[in-house]
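Asks: This is the structure, below, for whatever I ask next.
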């Protein structure tokens, strides 16, 4: 199985399954002599971990990171950083009923057809538990590029949307509520809706907005490695993501060019930033902002039709511990992947500037 690595200079490879002994990763290309704040890394893990509120999965995992290499006396050595995160609260019996069946909108069927073997326990490698390793890498990436600020937040749940522009939001409020929405009135509505959906044994999707600030001009490699293309790839690699738009996004398709063009000020900044901080695939120094759409979680605590490995259609009820809505826990994952992309391009640009 390929496809387990991302990045050119700052590179992350992840391994492990949802119900295996441990998850882990190897970060290659991290510069030496960076003083790592290990507490900050663990805080990022706490943001992602299950069981943190009544509106997320109740699986209980400490998600403590154990570093194996690449760090000495609190500093990075420039060698590969290896780490593991032990799984301690697996309940594999919750998945015995799907051993011989394929749940709708899961990876069960395609994994078995492609590899002729499938770890059905909690989705195995296709589980969102894999993203714990990405959050570790993202937390380190943030410390590689401390001057670049990355803030993600929930901007919609179902049809409840936060319509304020991000410039009017106080990002410090994002972590003050279970939904991770910086507008408290909207957060309350979203949380109540998720609780209602959970009672029904159903799930709901939503969107996350991410804002990247203090970005230097020049990050991005046309033509195939444009900055927005890599951000899109990184976001679309996250479980349950169904869409990505940056800047004016799909709304820009409805506008006239005379309204959509982004004139320059004399200092090189732009007036509207409908470009979303990227032009020609290269950062222009303005804020980068994008939005990601997440589908409803596919596992329902309701009966639904499934296909068996003998090609029968039967009714089956979902078991186990699952998120009724993934977006609250996906916020640190989005930030992590954004940080990995930005650190990768930052280090690549540094190579150019040194020649």
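Yeah, the Cβs are placed from backbone N, Cα and C, and that goes for glycine too.
Predicted, not measured: the structure shown is a model, and the values here were computed from it.
Pasting the relevant annotations from Swiss-Prot:
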BINDING   48  NADP(+) binding site
BINDING   125, 126, 127, 239, 240, 280, 295, 296, 297, 298, 299, 321  FMN binding site
Asks: Are there any residues in the same chain, six or more apart in sequence, whose C-beta is under 8 angstroms from the C-beta of residue 297 (FMN binding site), and if so which?
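Replies: Listed in sequence order, they are 203, 240, 322, 323, 324, 325, 326.
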Asks: How big is the gap, in Å, between the Cα of residue 127 (FMN binding site) and that of residue 48 (NADP(+) binding site), rounded to a whole number?
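Replies: With the alpha carbons as reference points, the distance is 14 Å.
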Asks: Around residue 48 (NADP(+) binding site), how many other C-beta atoms are within 10 angstroms of its C-beta?
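Replies: Residue 48 (NADP(+) binding site): 25 neighbouring Cβ atoms within 10 Å.
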